């Protein structure tokens, strides 16, 4: 009797071994994910596959065929070739005969003096960064980067650029330029132009707002005239259409991408309440603005005075930040021209690539600033080097 029971037990054990592979106990083709790789594969649908019953049809391939992990979309954007032109631009020689280290022999401490003076003023007022970007842009886009915006008077006696309605109280930083010029004249009288001071000071201001330092070419000369009449038609307006601003940039030798990239400078600074208030108190324009933002801005744009400012980016208006594009892409633009550019199909596509790519945007931004600084410059024996920036010699 005992021997029969023993035979039955052995037969049963042999039977279970026969079907063991079907239940996956010891199947040689089942791919076991190593522990250090499980976070790559066992997520979402891949993890659900692990729970599926093992069938004979699956024997031809492992349950988890080995494959390269797919990068996340943001990582793909960082590696896209759109960033390559930045390197190309850096390798091109500056336009107009400008060059780096221009004052190496004639005034070797020039850039250091500019930086020290900017630092002194930034300790008092960090909003100078946005002020200098605007001052530099408004100078370069009228008659070129020639410091004509700094003149208080012109030999003809006509109204000067800084008095034009698109400048006036909207532009600031003149007193800082005066301070820099005074310090430079003590060390290198009659050497460093006011146009180059603007370029150096703008770069240093941006550095205080989180932009890595970049080389600035120099050799610009100063204009001998400044006319308010020249401003009209040469500056973007708060309500400009995307097409108007694209044409303006093309006329100055710059691209749509550079327009989109430079608009990102609105992540710092502010606009005068009186300039933007109409947009948030218009029933016609209400439909194009995010409802929550519109309600908030109705309160913020009850202007108490001409000097009241409203920040472009309420989250980080002292830091250059590509997340500002998120505001534009979600209909939360402070000024209408930014909103219009975000709705233009090509501009919209570019913003989407920049919004989560801080490093890529900064690289493009610094190159666009270099290009801006080469706009219609005076060089060689053109113009002059002013002894003081508010008046011709």
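In case you wondered, yes, glycine gets a Cβ from its N, Cα and C as well.
Please treat TrEMBL annotations as automatic predictions, because they have not gone through curation.
So that you can see what the record holds, here are the features copied from TrEMBL:
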type     : residues                     : note
ACT_SITE : 138                          : active site, proton acceptor
BINDING  : 139, 142, 144, 146, 148, 161 : Ca(2+) 1 binding site
BINDING  : 236                          : substrate binding site
BINDING  : 266                          : heme b binding site
BINDING  : 313, 321                     : Ca(2+) 2 binding site
DISULFID : 107-188                      : disulfide bond
DISULFID : 140-145                      : disulfide bond
DISULFID : 194-389                      : disulfide bond
DOMAIN   : 97-393                       : domain 'Plant heme peroxidase family profile'
SIGNAL   : 1-24                         : signal peptide
SITE     : 134                          : site 'Transition state stabilizer'
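Shown in sequence order, 266, 267, 268, 321, 324, 327 are the residues of the chain, 6+ apart in sequence, with a C-beta less than 8 angstroms from the C-beta of residue 313 (Ca(2+) 2 binding site). Cβ environment of residue 140 (disulfide bond): 372, 373, 375, 376 lie under 8 Å away, each six or more residues apart in the same chain.
The record gives 139, 142, 144, 146, 148, 161 for Ca(2+) 1. Within 8 Å of the mean position of their Cβ atoms, the other Cβ atoms in that chain belong to 138, 140, 143, 145, 147, 149, 223, 226, 230. Neighbour density for residue 146 (Ca(2+) 1 binding site): within 10 A of its CB lie 28 other CB atoms from the protein chains shown. Of all the recorded positions given, namely 107, 144, 145, 146, 161, 389, those whose Cα is no farther than the 10 Å limit from the Cα of residue 138 (active site, proton acceptor) are 144, 145, 161. Taking each of the binding-site residues 139, 161, 321 in turn and counting other Cβ atoms within 10 Å of its Cβ gives the largest count for 139. It is 11 Å from the Cα atom of residue 194 (disulfide bond) to that of residue 139 (Ca(2+) 1 binding site). The local packing around residue 134 (site 'Transition state stabilizer'), expressed as other Cβ atoms within 10 Å of its Cβ over all shown chains, amounts to 19.
Note on proximity: of the binding-site residues 142, 144, 146, 148, the one nearest residue 107 (disulfide bond) is 146, by Cα distance.
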